[in-house]
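Beneath this line is the structure, given in structure tokens, with notes to follow.
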């Protein structure tokens, strides 16, 4: 045994199929086994793989492999790379694809481990790379190129769009011809270029050629950044409306058209004339040296109190950085550290809360990081840690919630390895990178079947178990499909063998020649001849050694419902001729009495015609035929082995009579001296495709009567067995009727009328589609659409059974009688975004150059958003902006210029005043409560009573140890709590960020009005609610308030969130496998049915005499398969040799040829 396999041609499926060289033929019962196997496979929904181009084999070491071009068995590669482009089928665990018979001239290439290439000329050479689109290239590790001619050549680069190019590491190019060549650069938009490291180009044609910059234009053209809100943080951009008050307060000016700024001129009583703030401050610096010396000991006024006399470490801040709190360290450029022992060491990083640290990387690779909450730690590049004890150490990672740990790059963590949280109130994902919720996962698990389920309490998924009759017990879809695929291969081989057996049986039925003898007597000359009159028995068999014999000289028997007389050929011809006439369609009677197939020309539904050739006979199923044939073969074998001699013989057991079974001769002639005789007393013979028994008049009458009933139209059976022509009343196509007398004319009449109707319907559809008819029409030249232009009426009502309808797609009105859009109404300020009317003001005139408020004493304008402070800005500014500028100016300049005497008095007040706060803490504002050790108090009525606590803002309270409260009315009541924002509240280890946000014990709430009341819960986004312990919420639990979690990577570990893309791919894989299973089963069934029909249709008629040739045609239908066949049989002149040949064509387009040679002795 060499453990190899061989291929055989499978005629039913049209493919080469691999089978073991030890495979044996099935027994007679294999047909039923094969059929039952096919049924079981169909009912179980098995997946069937296509035929493989390479032959499977087993090496000498027992390993699975394939035969190469030289016939050597080689072990298949274990790499998971796949190329798609020239494959007819690909079916494994990682990818499923069917491309049909079309093979592109330029194949896809995927040579990198775990890579994927889809599309002509696409190339994926990097590990885990993806190239999708014509000529797309992904040549680096984890690179992804999506789009025609897209190139992703840098590590973890992304190129999306036609011609997009991401050539450096960690780059992203999105848009037509976008080009990202700098390391870590991003190009967004058509023709954008990001060539510098860390740069970002945004918008069509933008160029970013400086490191770590964002560009919206290029050197040859710049773009304004418009509609930008006023900046609020130190690293935010400012607009013109913010800059104007500053320039004005400093004494300068801004040109409204060009944006150019004119510097100030200061005339100081104690410093002379200065043109810069620095010069003015420098001139006054000497006068306040004494003040600074005194301030080093204590600072006390109504709004700011600091006392470091206890010796606590002072805050440290680098250039443009802010450090607030004992031992706070803002060592990074433009960094912000607020709270005792906070650290913000990387550029633009922020740390809020006791002991919080924002480091943002290590070594030379650092980036802005954010740490909010006591002991929060953001050490990864561009990482964010939100919540007490939260740690974000992975690059660009996010840790949300108390003690959450994000230690993988580009990840979001809502818990840690021992403490996980649910993400609740999350809307269903719709994009490939969106997270999916349980409602989306449940249908996938349910679709797997096999008992797969989701625990409603823990969320754990139980995998499926498939118990297969023909595949054993399997626990994955892939294993189940693989097991069933092997069983189907066996079944297909059985079907092929079954078809061969049927052909052999038909051949044996045609070749078997046997004869019998009987008792023929005539009482006297002229008397009737009797056959076995004095013997019993139910049949007379005329078959001899030369085959079937003609029974000639048979007079026309009576054809009635009760007749048992034999009929002759002329009577059968009459019946066949009447049947052919009734069928129509050109049917005629062949010399052998068969009827040629009709030809009906009918429309194909697409304006053309097609020709069909049968009325639709139903063939008995194959299993019954095979069973009958098996019995007949056994019976014939017994007769041949146990026959007797004599022209007429009666079997001693069965009492059947045989005629000349051991002699030759082709005719039994009943003609006597008085002429032809009737063959009376003929029992009803078997009527089947293989029967050679004579039929009597009653049988013929029954056939004719059933044909007449099936034809209808008043057809009846004549006394001679022929059928009268029917009469069908059909439409004449002009509104009247006409009478036709055969089925062919009926089909022609109806087909013509249907064709006319199809043309009329097509014309109406074309006119409706072109807007040429109906109430709604469109002018073919101008494209103008009219509604009821040629009818009366003064209104158009769009209401339906469900009420009024929305009229969408309306352009903005221009003329007085044009309809206006909601966008136009919103632009006027008369309605809000929901369509509700507003009490809005309107312009004084159509020139829109002024608005006058009503009211006797003027009108206050409330709730004004911060206006743009920038060159050319015409935005309104609010009181808060003016107040902020006033405070800044007063602190930096106003109190210094010309106020030295007043400053001296204040120094005296500071020397005699008493501060508030703990041993190393500070207080601020009149009436401030006592502070805890190491506390910081800023704001009127603020109170930092907890140890190492910070209260910043009017009425803010930090009563817990290490607590931080920032914002008016904010409260950090628990230890390690952090509350940032007006009215924000945080309990023990809680973090609340945003106006009115609330965080309970170990909770984290981010966003206006958000609340995280569950222990260890996280609420993200305005209005989000997380009331259950250890959960993460992005909404408020309502359809309107829930949010999608977008732009997340595919989940990897068990506790990772899965994206909708992963869900879609899982569903596509399941759907594709079951779809392919159904299709392959259907294909096998069609080919098998057609193969059976081909075997049945092949003619096998035997010439009556030596030297004669029989030419015959046949047609057969088995279930949904059909076939036509033609053949010829020749008997040599010596009568010894028979030669037969036949050709069949099936409904699936397959052709079969048969040739036989036999010798009789």
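Every residue, even glycine, has its Cβ placed from backbone N, Cα and C.
Among the features that TrEMBL reports, domain 'Trimeric autotransporter adhesin YadA-like head' is placed at 110-136 (among others). Applying DSSP to the domain 'Trimeric autotransporter adhesin YadA-like head' (110-136) sorts its residues as follows: 0 helix, 9 strand, 18 coil.
Using a Cβ-Cβ cut-off under 8 Å and counting only residues 6 or more beyond its ends in the same chain, the domain 'Trimeric autotransporter adhesin YadA-like head' (138-164) has close neighbours at 112, 115, 117, 119, 122-132, 170-180, 183. Taken from TrEMBL, the feature domain 'Trimeric autotransporter adhesin YadA-like head' covers 138-164 (among others).
Residues 154, 157, 159, 165-174, 212-218, 221, 223 of the same chain lie 6+ residues outside the domain 'Trimeric autotransporter adhesin YadA-like head' (180-206) yet bring a C-beta within less than 8 angstroms of a C-beta in it. Feature annotation from TrEMBL assigns domain 'Trimeric autotransporter adhesin YadA-like head' to 180-206 (among others).
The domain 'Trimeric autotransporter adhesin YadA-like stalk' annotation in TrEMBL covers 224-262 (among others). If you average pLDDT over the domain 'Trimeric autotransporter adhesin YadA-like stalk' (224-262) in this model, you get 69.
Residues 233-235, 315-325, 366-378, 385, 388, 934, 936, 948-950, 952, 962-964, 966, 976, 978, 980, 991 of the same chain lie 6 or more positions beyond the ends of the domain 'Trimeric autotransporter adhesin YadA-like head' (331-356) yet place their CB under 8 Å from a CB of it. The annotation domain 'Trimeric autotransporter adhesin YadA-like head' is assigned in TrEMBL to 331-356 (among others).
Under the heading domain 'Trimeric autotransporter adhesin YadA-like head', TrEMBL lists 392-416 (among others).
Per TrEMBL, the feature domain 'Trimeric autotransporter adhesin YadA-like stalk' maps to 422-452 (among others).
Per TrEMBL, domain 'Trimeric autotransporter adhesin YadA-like stalk' is recorded for 679-720 (among others).
Among the features that TrEMBL reports, domain 'Trimeric autotransporter adhesin YadA-like stalk' is placed at 862-889 (among others).
Marked as region 'Disordered' by TrEMBL: 904-1013.
Annotation source TrEMBL lists compositional bias 'Gly residues' at 914-934.
For 932-956 (among others), the entry in TrEMBL reads domain 'Trimeric autotransporter adhesin YadA-like head'.
Per TrEMBL, compositional bias 'Low complexity' is recorded for 935-953. Mapped onto DSSP classes, the compositional bias 'Low complexity' (935-953) shows 0 helix, 7 strand, 12 coil.
Positions annotated as compositional bias 'Polar residues' by TrEMBL: 956-979 (among others). When the compositional bias 'Polar residues' (956-979) is classified with DSSP, helix, strand and coil residues number 0 helix, 9 strand, 15 coil.
Sequence annotations record features per position, and here TrEMBL assigns domain 'Trimeric autotransporter adhesin YadA-like head' to 958-984 (among others).
The compositional bias 'Polar residues' annotation in TrEMBL covers 992-1013 (among others).
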Exercise. So what's near the domain 'Trimeric autotransporter adhesin YadA-like head' (392-416) in sequence-distant terms, Cβ-Cβ under 8 Å and 6+ beyond its ends?
Worked result: 361, 369, 371, 373, 376-386, 423, 989-991, 1002-1004, 1006, 1016-1018, 1020, 1030, 1032, 1048-1049, 1055-1057
